[in-house]
Amino acid sequence: MEKSKADIEVAGDPEGESRQDLLSEKPDARPTWGSKAQYILAQVGFSVGLGNVWRFPYLCHQNGGGSFLLLYLLLLFIIGIPLFFLELAAGQIIRQGSIGVWKHISPRLIGIGFASCVVCSFVALYYNVIMAWSLFYLGSSFQFPLPWSDCPGAENETATVTESECMDSSPTIYFWNRKALHITNSIEESGGLDPALTGCLFAAWMLVCLAMIKGIKSSGKVLYFSSLFPYMVLLCFLVRALLLEGAADGIKIMFTPKLSIWGDMQVWRQAATQVFFALGLGFGTIIAYSSYNPQHNNCHIDGLLVSGINFLTSVLATLVVFAVLGFRANVLAHNCVLVKNGSLLAVLPANLSEFSPAQYSNWYQDQWNDTKQLQEWKLGDCRVEDEMNKVNRSGVSNLSNFKTCGLQLPEFLSQQSPQIPIHANGFFVCFLSLTVLCCIIGFLLGLIFVQGSGNYFVTMFDDYSATLPLLIVVASEAFAIAWIYGADRFLDDIENMLGWRPWKIYSYMWRFVSLAAMLCLLLASLVHLVMKRPTYTAWNREKAEEQQLEYPPWALGLLISLIVVAAVPIPVMFLRQLLLERFSQYSHNSGQIPVPTEEEDGVHEKESPADLDLDLPGHGYLLVPAEEGQE
């Protein structure tokens with residue numbers, strides 16, 4: 001009897017024997033990207049997001065500037081690039097989505113694909129809320145003057161009364177909390193749905209639906225704008241920021257290293273987490289995008305190129321942010337000097353020149369004994385570095401932790417649906433219905449984020465629905481390829497696909513270095529979660545300030561459920577398949593039920609890619625029509 005696909009040998013077997021390589025099965029008829037540029041833009045557009053533009057500059061400033069850049073670059077080579085290349089190669093070899101790839105390698109590993117699907121769905125829910133916020137601000141920006149430029153006032157019989165909440169904070173913070181979010185004081189206060197944000201959320205899901213309505217046919221065209229336009233905006237911001245007074249001071253602070261920060265394990269954890277999420281590992285999107293490539297595409301160069309673009313984008317955004325922060329810090333430092341000089345002059349008596357030496361000595365001693373006056377005289381406090389710290393702290397908001405995620409649910413669900421008619425019209429109708437259904441469900445579930453307490457749920461989903469589950473997913477991917485299927489065997493498949501063998505160092509990175517780094521990061525995250533009770537940042541309307549609150553019991557149960565639901569498919573599907581195999585083997589041995597062969601189980605022998613006639617042109621990137629009647 002032939003060996004089951006689940007009976008995979010562990011890497012390192014002295015005989016080196018294995019089942020058929022991954023290329024031995026004919027890939028399903030599958031469209032390809034319209035051009036190589038579309039594919040690169042898709043990968044860049046997915047990986048580059050608010051994590052690069054907002055979170056990276058914040059971490060860079062908090063963790064030593066240039067020293068954090070060096071640490072990030074080091075971990076990018078240790079963790080990011082090897083695992084990014086692993087996902088690219090797996091998708092391109094097998095030419096299926098995340099669920100199909102891991103099922104193809106072994107049915108026991110199918111839970112990895114399901115976990116990716118769940119995590120990506122969670123992230124897509126709250127990420128579209130960020131799009132809704134952006135649309136709300138876009139609409140508000142057409143007002144003159146801008147609604148966040150000044151504090152609003154209410155007219156009464158005698159004068160205009162300014163909102164105390166705005167006076168105690170700032171116009172921008174007031175507009176964000178009170179006009180955009182209508183935020184409540186805690187997660188336990190619902191506040192009801194906000195009509196404006198609900199409409200913006202609906203518009204955001206409509207845009208996603210229109211972009212995905214024809215799969216990569218429609219999304220590929222959108223990429224030329226959605227991926228390139230942000231770079232045009234960043235470059236415009238950079239040119240303008242560099243012309244501001246004090247921009248050089250901010251950039252100097254950015255590149256000033258503080259190597260002592262390398263001794264802090266928290267900095268290593270933050271840098272590794274940033275590398276991990278910046279590239280979008282574990283979501284299944286990298287695998288899905290790569291699966292639409294021709295099988296002889298050089299995915300190794302693609303991995304290096306996209307990783308490099310991702311890093312340079314982070315540096316570009318950091319330059320913009322630090323240049324602007326340097327300008328603002330110089331303004332605050334200048335105002336600080338004026339205020340403190342004014343305070344100094346205010347305490348000087350008008351007849352100081354007429355004082356006798358004894359009177360001057362007594363006055364001088366009294367002033368220096370007054371702590372409050374002494375603090376007002378410390379002009380040394382008016383440093384750009386100190387003002388940079390103040391600016392950076394005041395600029396950090398809940399947006400700092402957001403990570404981008406593409407809408408991949410139709411891809412995942414279509415792989416698990418019954419046999420889809422592969423003639424063009426039938427497939428289009430099915431994919432269209434599935435895409436629209438997913439967007440409707442996403443909009444309905446996303447209503448929890450547009451109520452008064454919605455921002456607190458966004459924070460919860462961002463902190464707990466993706467972080468730990470994605471670490472588990474990527475660690476499982478690395479372990480499955482390196483130790484279950486075999487790292488060297490996987491390199492053999494890549495060599496058969498590309499015609500040349502990638503560097504041997506990838507085998508060591510997958511088996512030891514990258515996997516160990518992922519496990520250490522996972523352990524550190526678990527310890528941090530257990531040792532410190534989860535909290536969230538709430539806005540107190542009466543005090544006009546932020547405060548740290550602990551999650552109530554029901555919210556703790558919800559966030560634990562998010563982690564469990566996202567991660568549990570991996571062990572559950574593994575045990576399910578293992579029990580099915582044991583039961584099938586037991587039934588076969590007892591003579592009751594025959595064990596199905598691969599063909600009876602729906603897994604057919606397929607031709608190798610070299611034998612396929614996909615009718616591709618020379619460059620290999622036109623869409624491939626589905627073959628009529630193919631199974």
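Cβ from N, Cα, C; glycine included.
Caution: TrEMBL annotation is automatic and unverified by curators.
Remember, predicted model here, so these are calculated numbers, not experimental data.
If you look up TrEMBL, you'll see 1-30 (among others) marked as region 'Disordered'.
Annotated compositional bias 'Basic and acidic residues' per TrEMBL: 16-29, in sequence order.
Taken from TrEMBL, the feature transmembrane segment covers 39-57 (among others).
Among the features that TrEMBL reports, Na(+) binding site is placed at GLY45, VAL48, ASN52, ASN310, LEU379. Listed in sequence order, ALA278, ASN310, THR313, SER314, ALA317 are the same-chain residues six or more apart from ASN52 (Na(+) binding site) with CB atoms under 8 A from its CB. Mapped onto three states, the DSSP output places ASN52 (Na(+) binding site) in helix.
The transmembrane segment annotation in TrEMBL covers 69-88 (among others).
Summarising the annotation, TrEMBL assigns transmembrane segment to 109-138 (among others).
Here TrEMBL flags 228-251 (among others) as transmembrane segment.
Taken from TrEMBL, the feature transmembrane segment covers 271-292 (among others). Within its own chain, the transmembrane segment (271-292) is flanked in space by residues 30-33, 39, 42-43, 46-47, 51-52, 55-56, 59, 63, 68, 71-72, 75-76, 79-80, 83-84, 87-92, 94-99, 101, 113, 116-117, 119-120, 123, 216, 299, 302, 306-307, 310, 314, 403-406, 408, 411-412, 466-467, 470-471, 473-474, 477, 517, 521, 525, which lie at least six positions past its ends and keep a Cβ under 8 Å from the stretch.
Taken from TrEMBL, the feature transmembrane segment applies to 304-325 (among others).
According to TrEMBL, the transmembrane segment annotation covers 426-450 (among others).
The transmembrane segment feature in TrEMBL is assigned to 470-487 (among others). Remote same-chain partners of the transmembrane segment (470-487), defined as residues 6 or more beyond its termini with a Cβ less than 8 Å from a stretch Cβ, comprise 8-13, 18, 83, 86-87, 90, 102, 105-106, 109, 112, 115-116, 119, 276-277, 281-283, 506-507, 510-511, 514-515, 518-519, 521-522, 525, 567, 570.
Long-range Cβ contacts of the transmembrane segment (508-531) within its own chain (Cβ-Cβ under 8 Å, at least 6 residues beyond either end) map to 11, 75, 78-79, 82-83, 86, 265, 269, 272-273, 276, 467-468, 471-472, 474-475, 478-479, 481-483, 487, 490. Annotation comment: TrEMBL describes 508-531 (among others) as transmembrane segment.
Here the transmembrane segment (551-575) has long-range neighbours at 108-112, 114-115, 118-119, 122, 187-188, 460-461, 463-466, 468-469, 472-473, 476, 533-536, meaning same-chain residues at least 6 beyond its ends whose C-beta is under 8 angstroms from one of its own. TrEMBL lists 551-575 (among others) with the feature transmembrane segment.
Residues or ranges marked as region 'Disordered' in TrEMBL: 591-618 (among others).
A Cβ distance under 8 Å defines the sequence-distant neighbours of the transmembrane segment (228-251), meaning residues of its chain 6+ beyond its ends; these are 41, 48, 53, 313, 316-317, 319-320, 322-331, 384, 388. Through the fold, the transmembrane segment (69-88) approaches residues 56, 60, 63, 255, 257, 262, 267-268, 271-272, 274-276, 278-279, 281, 286-287, 290, 299-300, 302-304, 306-307, 311, 314-315, 474, 477-478, 481, 490, 502, 506, 509-510, 513-514, 517-518 of its own chain, all at least 6 residues removed from its boundaries and within a Cβ separation under 8 Å.
Residues 50, 97-103, 180, 196-197, 200-201, 203-205, 207-208, 282-285, 399, 402-409, 412, 442, 445-446, 449-450, 454, 457-458, 461-462, 465-466, 469-470, 472-473, 476-477, 480, 484, 562, 565-574, 577 of the same chain lie 6 or more positions beyond the ends of the transmembrane segment (109-138) yet place their CB under 8 Å from a CB of it.
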